[in-house]
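*Asks:* In case it helps, Swiss-Prot gives these features for our protein:
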- G8, L9, S10, G11, A12, G13, K14, T15: ATP binding site (BINDING)
- D57, A58, R59, A60: GTP binding site (BINDING)
Amino acid sequence: MRFLVLTGLSGAGKTTARGFLEDLGYFMVDNLPPRLWLPLLQEAAARGLARVGVVVDARALAFFQDLEEVLEALRPTVVYLEARPEVLLRRYNLTRRVHPLGAGNLMREIAEERRALAGLRGRAHLVVDTSELSPRGLKEALARFLGEEGGFLLRLVSFGFKWGPPQEADLVLDVRPLPNPHYDPALRPRTGLDPEVRRYVFSEAAEPYYRALLAVAGLAAEGARAEGRAFYTVAVGCTGGRHRSVAVAERLAEELSGRFAVEVVHRDVEREG
């Protein structure tokens, strides 16, 4: 699982960055106390979420006495956004927003916030000065740092129809017509990650059907990228989500990884029943 902390100066672009991270599939939470970060990650893992982010701003630091300890224990990726004081001042004047530490003197509030966040800045894996960056430039900087090819991510989610398709799916592929290892006693306890299960699923007779699925997934992802989408989710479903869907999602990832940045999530592989 990827865990990211997004922080930095107010007016430096955290709202833009948060939206872009959500487009990349991150589940984002604002100012969650650090003592709740581990339970959040545990719940996210149980729900098949592969990317989680927490936004931290200066207002919350007074309530985050355990922040250093939790950062040391969980070691998230920390992204810090900043800008020159005169740029932040200009942005506030344009939007007529009140600074979160609002006390009537904007330059003093900016300096106070910078001091308050100095510890987090020192821990940052990426510091971005957005003074001369457009929103698009900020997104591109984040995409490069996070290893997202062109800012576009193809997500492949295996699932079982008996548990319901993923709500976030843009495209659902039905692989139930493929050979089912469930009916082979030797293969039933295994998963689609097992080489023997994969050989069973991808028999010679199954190959035309798989190639058609590959073509559809590739065309759909290409179209989404051309439209400027940040990510596209292809859900791959079999009956229980343990054998065929897992095997197909893995093979799709292997064959499409040369064209897209790909992430694979096996939502139901450990479910029983």
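Including glycine, each Cβ sits where the backbone N, Cα and C put it.
Surface or core, plus neighbours and distances: that's what I need for these features.
*Replies:* A C-beta separation below 8 Å, combined with a sequence spacing of at least six in one chain, links G13 (ATP binding site) to L81, A83, V128, T130, L133, P135, L138. In the three-state DSSP classification, G13 (ATP binding site) falls within coil.
Under the three-state DSSP scheme, A60 (GTP binding site) falls in the helix class. The Cβ of A60 (GTP binding site) lies under 8 Å from the Cβ of N31, P33, each of which sits 6+ residues away along the same chain.
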*Asks:* Taking the center of the Cβ atoms of G8, L9, S10, G11, A12, G13, K14, T15 at the recorded ATP site, which other residues in this chain have a Cβ no more than 8 Å from that point?
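*Replies:* Close Cβ neighbours, site residues excluded: L81, E82, A83, T130.
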*Asks:* For A58 (GTP binding site), list the number of other Cβ atoms lying within 10 Å of its Cβ atom.
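*Replies:* So the Cβ neighbour count for A58 (GTP binding site) comes to 21.
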*Asks:* Are there binding-site residues among G8, L9, T15 that sit within 10 Å of D57 (GTP binding site), Cα to Cα? If so, list them; otherwise say none.
*Replies:* G8, L9
*Asks:* Are there residues of the same chain, six or more positions away from K14 (ATP binding site), whose CB falls under 8 angstroms from its CB, and which are they?
*Replies:* L6, T7, G8, V55, D57, L81
*Asks:* Is it possible to get the count of other C-beta atoms within 10 angstroms of the C-beta of G11 (ATP binding site)?
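*Replies:* Excluding its own Cβ, the number within 10 Å is 25.
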